[in-house]
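Asker: One structure coming up, written as structure tokens, with questions to follow.
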Amino acid sequence: MSAPVNIAGEMPEGDPDAREVVLAARNVAKSYGQVHALKGVNFDIHRGQVTTLFGENGAGKSTLMKILSGVIQPTSGEIILDGQPVAFNNSTEAREQGISIIHQELSLAPNLSVRDNIFMGREIKGPTGVNFAEEERQTRKLMAELEEDIDPLTPVEELRLGQQQIVEIARALSVDSRILIMDEPTSALSASEVEVLFKVIRDLTAKGVSIVYISHHLEEALTITDHAVVLRDGNMTAYAPRAEIDLEWIVRNMVGENYDLGSPPDTALGQSALSIRDLTVPDPAGGFNLVDGLSLDIRAGEIVCIYGLMGAGRTELLETCAGKLRASSGEIVLEGKEVSHLSIAERIARGLALVPEDRQRDGLVQTMSVGENLSLASIASFTKGLFTQRRAERQLVDNSIREVTVKTSGPGAAIGSLSGGNQQKVVIGKMLATKPRVIMLDEPSRGIDIGAKAEVFRLLSEEARQGLAVIYSTSEVSECLSIAHRIIVMHKGRISAEFDSTVTKEKIMAASGESVAA
Amino acid sequence: MSAATTTAAANGKKKADFSIGRLLLEGRAFFALIAIIVVFSLLSPNYLTVSNLLIMSSHVAIYGILAIGMLLVILNGGIDLSVGSILALAGVSAGAMMQGLQIEAMGVILYPPVWAVVVLTCVLGALVGAVNGVLISVFKVPAFVATLGVMYVARGVALLMTNGLTYNNLSGRPELGNTGFDWLGFNRIAGVPISVIVLAVLAIIGGLMLSRSSFGRWLYASGGNERAAELSGVPTRRVKITVYTLSGMLSAVAGLVLASQLTSAGPTAGVTYELTAIAAVVIGGAALTGGRGTMRGTMLGAFVIGFLSDGLVIIGVSSYWQTVFTGAVIVLAVLLNSLQYGRGGRKG
């Protein structure tokens, strides 16, 4: 089953040195029936150091982390803690040994306050029930440590996604663990929040805490890691200390090809496709406007990238254009016609489509199949009279699957059976099937691997070549400098800068209001 | 019933690993119904006769019609507790109309013909259902609370209309031209009770609507993930109001059928019928969280409940035991539902 793999660097073997290595995996394998998620992985976590796991979606990173944190049990192989073989039956046992994990998917109770979430399940007992004052004090201390201005009594559902992630991190920090596993902790954080997190990580390692770090954000991970482990298809393909590696090395071992998100398609731009005039969206909670008198023109065949930090107003801008949020003033003109008063459905019919940021929450219907999800936004196109036409639908779905290259066992497959990247392609395919004139994608690369990311960008640039106007938002600078003709930087609801595709990363970051990391 | 064997085709997946366990799990309502028929046939020679099956089916018709509406609401991720009360209100309203509508200002009494009574009653049910829908979708009242309130109000209005009494004379008078109300409950076409035919027609229309119309797709999508459906251009608010309206209208139909079968319309009819309807939908494999469920399953669920309770009556088991059995079947059904959706739901 497993093809011979060339291991770059040195593969850890035999008994780990208990002084150096706090936790080690030896020949760990995990199978789900016929599916081999992990095929005998060896891997060391060094005391007081950061070990980063690299790999595409489905490479087995999360499986390995779940095994180390006791969430699932390996089919075969050994976990060695402090030189002693251990077997965790559940995550509580692992936590008692000082291993805790920050999950990729947020696991917070949205209705509870920040304080209650952080102490959920291990409330501090006082003489009269829970000692809320003490919990609140500790929460404030954690928030100060993470340099985040969040009141401990705020319900989590009122926080931005990035702030929710901070709370998730704070919860893991509040347990004094020896080994902290972080599965994509920064996917929703702004650059300055990432900086703070890295400072916290350095403090922790200085105290002797070992960190296991997983991120799709390679450059970011490289700045913090001490060791790199690369997984591909359930095998470990490379293992090396930081000093011996660079970005190209990681990517080569991850995908086996060059990391290239493409360049702007050289097509003649057409007429104005979408024109936004003085758009203002107020904050429902009061305070500053989410979008503040913003104007923007996009022409047919043009690709525009909107870069900005969390809270810069990117999502609000795109959702207002799509009709989900209401603007207090301003115009949205699609191909010469005002659309601000139209419903979401009418805007989609006119050719204005949005691929939302959070595909689990806003993009997919989990109870429906891949095919039904793909055809959801264009039901009218295959409905004649009272009934939907099966053949027409099948054709539409087959075309979509081919066009956006979804890897699936068929249109009837459950949507949950797809990997993150393929799920994202389904959401994009669904909106492309409506034959839009303008497509807006909010963070299309969030939580998907490099291979899928490159495919998504290739697809968008192909669509633009055929006259589609594309707007996408991102919080990764490297994604700005790919297929976009124009880069718009947003800051506090306004456009703070506009660049063409020859700009440097530093200039973009400076315009977004974040400090450029030295 | 042969349609039930194609359950897997509707789901369109997992055809490859078609094990016995899987088959039993997915067709559980069907196999439960078979088991019930077999067991009671062995216990009583009168059970498996054409006439008994038809009588039992006409009992099922009431629950079945309610369950169709309930399925639509549950697919949308909601719940409708008011169907039993709307059923009673509809029956009483029809009864009142059969007695004659007094318009005091003009000093006349109107005797609408039966077809008009039926249409007006259905409109009334639809209006009450629409109130549910508007409360839930526009005013964001939780479905449980909104329909609970309407359940009390509708019941109260039904009691007020008759002062708690029952209309016993629904036959109308030939000279007024409003006879024939008993047609729904008593007549047969080719030996099949009209009520069963009404159920079958409504189930087929409903089933086609769910599986083949764009409205059906909207309903499944907004029940599965309302936010995603809305962003895909599904008119989620309209879908929601429509399902509650349809549920109210179907309750009125059930009320008419019941009044006709009993030849009387009482304000206390249909108490706890909403729970029986919910049970039928759940036994039929629908998920209370919305987005999953089929018309075929719901019909099987209604027949399981009806055939079980009638069977227990036939073999002479105390009605207290019937309650216990029905409860046990419901719990078992929900258990199996979570088994089915819990496994394939998340990761596939």
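Each Cβ is built from the backbone N, Cα and C atoms, and glycine gets one as well.
From TrEMBL, here are the annotated features:
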TRANSMEM  B:29-48  transmembrane segment
TRANSMEM  B:54-74  transmembrane segment
TRANSMEM  B:81-101  transmembrane segment
TRANSMEM  B:113-136  transmembrane segment
TRANSMEM  B:143-165  transmembrane segment
TRANSMEM  B:185-210  transmembrane segment
TRANSMEM  B:241-259  transmembrane segment
TRANSMEM  B:271-288  transmembrane segment
TRANSMEM  B:300-318  transmembrane segment
TRANSMEM  B:324-342  transmembrane segment
Asker: Run the contact check on the transmembrane segment (B:113-136) against the transmembrane segment (B:241-259): 3 or more C-beta pairs under 8 Å, excluding pairs closer than 6 in sequence.
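Answerer: Touching, yes - the transmembrane segment (B:113-136) and the transmembrane segment (B:241-259) meet the threshold of 3 or more Cβ pairs under 8 Å.
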Asker: Can the transmembrane segment (B:29-48) be said to touch the transmembrane segment (B:300-318) if we require at least 3 CB pairs below 8 Å and skip pairs under 6 apart in sequence?
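Answerer: Since 3 or more Cβ pairs under 8 Å link them, the transmembrane segment (B:29-48) and the transmembrane segment (B:300-318) do come into contact.
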Asker: Can you see whether the transmembrane segment (B:54-74) and the transmembrane segment (B:324-342) are touching - at least 3 CB pairs under 8 angstroms, only pairs 6 or more apart in sequence?
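Answerer: These two stretches do not touch.
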Asker: Residue list, the transmembrane segment (B:143-165) vs rest of chain: Cβ under 8 Å, 6 or more residues beyond ends.
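Answerer: Here the qualifying positions are 73, 78-82, 84-86, 88-89, 91-93, 95-96, 128, 131-132, 135-136, 244, 266-268, 274.
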Asker: Is it true that the transmembrane segment (B:324-342) and the transmembrane segment (B:81-101) have 3 or more CB pairs under 8 Å, sequence gap of 6 or more?
Answerer: no
Asker: Can you name the far-off residues of the same chain, 6+ from the ends of the transmembrane segment (B:300-318), with a Cβ under 8 Å from a Cβ of it?
Answerer: 4, 29-30, 32-33, 36-37, 39-40, 43-44, 46-47, 52, 55-57, 59-60, 63-64, 67, 276-277, 279-285, 325-326, 329, 333
